[in-house]
Amino acid sequence: MLWVEQVTGAFLLSVLIFCVISAQKLNQLELPRSVFSYSSPFAFYFHAIFRLSTLALYIIVLVKQFADYGITMISYYTIWNFILQMIYYIWAIKYQYTTAQSRYEPVTTTKEILYLNMLFDVCFSNSILVDIVFWAFLYYPGMSWYGYVEHGGNTIAFFVEFMCNHFLISRKSWFFTIFFAAIYSTFVWISYATWLDHEWPYFFLSMDTPYAPLWHFGIFGGHVLTFGGAIGLSKLKEYCLPDKQSVPVSFILPQAQNRISYV
C-alpha cells in the first residue's frame, strides 16, 4: 500500500529531523558542576563487580544468540537495545575506573558523565518498554534461556544498576528514545527490501495493512510514555535514596573534609 508507506515514511523522517535538531540544542547546554562519591569502598567494589558480571552475561548471551540466529539477529529491536545496554556497561565500567577515587572522596563530574547518564536513560526506559511489548504481544512457549535474559533479566539488572549508580532520569533525554527507535525502523525498512527477503521481524512493522501508521504512532508513543514512567521511578529514587545522586559543587565544597578530585 503506497499511501501507508508514504505516511509512515514521512512520520519517521519528521521524527529523525526533530531529534537531530533537539540533540544539537542539547549539546549546547552547559553542564552544572557537581560531585559524587560512593558511601563506602564496599559499595564501590560491589557496583564494579556487578557491572563486570552483567557485562560478562551480556557477552555470553550475544555469542549464543549469534550461534543460533547468525546475522539475522540484528534485525530485532531487542538485540539493538541489548547491544546498546552492553555499550552502557562497558562505558560505565571505564568511567568508574577513571573515577575510582570516588570510593574515598567526592569526585567532580565531567561532561562525559552527562552523556553516560543520557545513555542510561535510554537503556533503562527502552528495556522496560521492550519487556512490556514482548510479554504482551510476542511471547512464545519454548523460548530459549537467553530470551528470558533479554526480556526480563536485563531489566532487573538495570533496576539494580539504577539503585547503585548516581544517575537520575533527565527530562531532556526523552527524545533519544524515539530517535533510537526511528533509526532502527529506518534500518529495518531498508533491510526488508534487501537482505531480509521481504520479511518483517515484527508483525506490527508490516506495511501491508492500513493500520501500519497507527502501529508506528503507538510504538513511538509507547516510548514516550515509558520514559515518563522512568522519570517517576527517578523521582522515587531521589526521595528514597538521596545519597545516590550527584550534589552541586556549591553545596558540597563548604562541607567537604577532603580535597575534591577532578577527573
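Each residue, glycine too, has its Cβ placed from N, Cα and C.
Curation plays no part in TrEMBL annotations; they are all automatic predictions.
Feature annotation from TrEMBL assigns transmembrane segment to 42-62 (among others).
Positions annotated as transmembrane segment by TrEMBL: 74-93 (among others).
For 113-138 (among others), the entry in TrEMBL reads transmembrane segment.
What TrEMBL records for 173-194 (among others) is transmembrane segment.
If one looks beyond the transmembrane segment (214-234) by at least 6 residues along the same chain, the residues whose Cβ comes under 8 Å of a Cβ in the stretch are 8, 11-12, 15, 121, 124-126, 128-129, 132-133, 162, 168-169, 171, 173-174, 177-178, 181-182, 185, 204-205. Marked as transmembrane segment by TrEMBL: 214-234 (among others).
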*Taking the transmembrane segment (173-194) as the reference, which of 42-62, 74-93, 113-138 gives the largest number of Cβ pairs under 8 angstroms?*
113-138
*asked:* Are there residues at least six beyond either end of the transmembrane segment (74-93) with Cβ under 8 Å to its Cβ atoms? List them, or say none.
replied: 48, 51-52, 54-55, 58-59, 61-62, 65, 116, 119-120, 122-123, 126-127, 130, 134, 150-151, 154, 158, 161, 165, 180-181, 184, 188, 191, 196, 201-202
